[in-house]
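A quick write-up on the structure given underneath.
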């Protein structure tokens, strides 16, 4: 592959509005469609600095710059529209995190790629509301935080307290939240306020390896590590009172709980197993990609179908996992306030996935088409009146949950028609990353990090050594950096703003 200098690379990238950029064909070999990415001035600098650094002599290894990853996805067989980079985009395995792409189901060459879903399949966010207010929680903040720690297992290697045997796991993988409902871990209405109603019907546990099942069995109902969290949040600002009221968010100071987790080691193993099989399928079917991390298979091949069935099972695992933690969160609150979750009005506002591939109908060149939409670090954002969103949100659009980094605000958005047309009903998912985990461990001081969290009045139990550095403000971006481009700039129309939580 020819290595170009930075100025030559820039000739393939065109600013098309204040906050959006087109990546022209030719930027990377064999591009079938153009790429596009959205960024404000600060994110723009991060993206182009990353590209500039990659052009320096001797800069090899690690992930490619996000801009090049968007372009490499644009070269995959069967892609339609554009390869889209959303405002929290940063480099990842294969696809950049914050990259979405759609593939034509009627095209026999179209592919599915585990790198377009990620290793933490159906990593997602769930938001619960309560009838509590900041004044109720502030005096017992430390005790409530400890109660959550006591109820929800956290960290690498954590084991769940939800009783489950191998037979239960098989049923949970197939049934998703229907299993949780049957076992009494969720309320019936929880399922209605969940993407796909908490169950991928295409799941087939027989396509999942025993190793994946062995890894997943003890982890149900656990938060995990990394950027996962169960966070008590306060409604700080309401932008759209009608949309907020439909979600049960009525007043400033109201307490909500956001749970961010996924399929844990189970999903990671499903992805790992699939990559091995897909490399074989690529050789057999003579599929070539610009990056070996984009290992893939034809959608309708045995390998492609097996992956989609196993991925769906992992997605169901993740919904059961978040449902189990919802149960445990309700128990923690009930214990602290000596009442019931029902009396605390602890209803699920919505649950969204941001690492998944799903078959959806979209308009392409004026005609409806069945597409396999890959969203990696990307949240579904369907508009008002869409048949796949709950009755409660038909007039507002789907709630879109965008979690902030530790110590910064999160946002609740709603999907729009314009976003449906321009980004296949997708938007950003989180704060994004400025430093890798390895760099944060090397460069960020634990005592300094703890000082920041202490000044922000974080409960002492939350100031753990690894978390303090992972969530350091220098390492992670803030939601305001990209929720403003998503919600208010005409060039990034994928969602409209409803409210802000801190």
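Any Cβ shown, glycine's included, is placed from N, Cα and C.
Annotation source Swiss-Prot lists Mn(2+) 1 binding site at 120, 123, 228, citing sequence analysis. According to DSSP, residue 123 (Mn(2+) 1 binding site) is assigned to coil rather than to any helix or strand. In sequence order, 228, 260, 261, 262, 263, 267, 318, 353, 354, 355 are the residues of the chain that are 6 or more apart from residue 123 (Mn(2+) 1 binding site) and have a CB within less than 8 Å of its CB.
According to Swiss-Prot, the Mn(2+) 2 binding site annotation covers 123, 260, 354. Other Cβ atoms within 10 Å of the Cβ of residue 260 (Mn(2+) 2 binding site) number 25 in total over all chains.
Residues or ranges marked as GMP binding site by Swiss-Prot: 227-231, 354-355, 403-406, 410, 429-432. Secondary structure at residue 354 (Mn(2+) 2 binding site), taken from DSSP and collapsed to helix, strand or coil, is coil.
DSSP assigns residue 429 (GMP binding site) to coil in the three-state reduction, placing it in neither a helix nor a strand. Around the Cβ of residue 429 (GMP binding site), the same chain contributes 86, 88, 98, 125, 354, 377, 378, 379, 402, 403, each under 8 angstroms and 6 or more positions distant in sequence. Among the features that Swiss-Prot reports, active site, GMP-histidine intermediate is placed at 429.
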Reading the DSSP string in three states, the entry for residue 231 (GMP binding site) is strand
Given the binding-site residues 228, 354, the candidate whose Cβ has the fewest other Cβ atoms within 10 Å is 228
Measuring CB to CB from residue 229 (GMP binding site), give everything in the same chain under 8 Å that is also at least six residues away in sequence.
223, 258, 259, 260, 403, 406
Would you pick out, from the binding-site residues 120, 231, the residue whose Cβ has the largest number of other Cβ atoms within 10 Å?
120
Among the binding-site residues 227, 355, which residue has its Cβ surrounded by the fewest other Cβ atoms within 10 Å?
227
